[in-house]
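Only one structure is covered here, and it is reproduced in the block below.
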Amino acid sequence: MSMILSASVVRVRDGLPLSASTDYDQSTGMQECRKYFKMLSKKLSQLPDRCTLKTGQYNINFISSLGVSYMMLCTENYPNVLAFCFLDELQKEFITTYNMMKTNTAIRPYCFIEFDNFIQRTKQRYNNTRSLSTKMNLADMQTEIKLRPPYQISVSELGAANGFSHIPVGEYKGTGKISAAPHQRLEPVTLPGIVSFVLSLLCGALNLIRGFHAIESLLQNEGEDFSYVIAFFLGTAACLYQCYLFVYYTGWRNAKSFLTFGLICLCNMYLYELRNLWQLFFHVTVGAFSTLQIRLRQPQGKSPDYNV
């Protein structure tokens, strides 16, 4: 018989269980699957946002969004489309019910255990497929899965060594070849980070405008120095790259941010004759502030194992 057996809600960055089914079976097969749940919870930040793990007669499916992952265990013959529609409903209800700030600051396991009431109601509805009234949602999910199929995790990829599981970097089905870095999540954005991002964009825009004015002046006066144009556009590129480094994780991120700040300083030193001291101070200060925010917004780390 095809059916959903259990479900859980887990925080992505550290695997902290926020809620879970309380009526799970105690059979040997189910206990083995719960071990897979634990291993997957430790690797969520390194996995795509939609995955499937086939473990013999059971399948584990999960989706991740906004730092929270929704996981479910079902029999191997349970329809894939229904499984991800079920997870999609859990996600929408959880986001609607709970403030994301609370989920990010939660320190106690299963602090949203009351969400199990909704899990149970939804599970019963999806286990009785004849009563489902979401044909349109099912059609939409079917199309989405065809366009972007879930990444298939093999049991061998979860092989633990010295207490840590290793998932080799390879090709994710439907997404092409990727490295671990694009899936590394950064810490939540803070207000100073938003301010630095906006100011960097402003400095980039100011440099761009002055660069175009320098081109106009160069065309009108043959004696103008073309190197000023280059300095303005390099300053624009440096500011925009700081914005990129703040938003996305890349290798050698901190070193790149310091080099970019150095380029901003050099450009402003060269433009000393075209800018007053306040303008120079503003551009260099914004560059330093943005570099600091890039340094402070580090990849999310792992907390101790919560034994999910």
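Every residue, even glycine, has its Cβ placed from backbone N, Cα and C.
The domain 'Longin' annotation in TrEMBL covers 8-119. According to TrEMBL, the transmembrane segment annotation covers 189-209, 229-248, 255-272.
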Tally the residues of the domain 'Longin' (8-119) by DSSP class, grouping H, G and I as helix, E and B as strand, and everything else as coil.
50 helix, 30 strand, 32 coil
Within-chain partners of the transmembrane segment (229-248) [C-beta distance under 8 Å, separation at least 6 from its ends]:
182, 186, 193, 196-197, 200-201, 203-205, 207-208, 210-211, 214-215, 218, 256-257, 260-261, 263-264, 267-268, 270-271, 283, 286-287, 290-291, 293-294, 297
Where else in the chain does the transmembrane segment (255-272) make close Cβ contacts, counting only residues six or more beyond its ends and a cut-off under 8 Å?
207, 227-228, 231-232, 234-235, 238-239, 241-242, 245, 280, 283-284, 287-288, 290-291, 294-295
Per-residue pLDDT averaged over the domain 'Longin' (8-119), given as an integer:
86
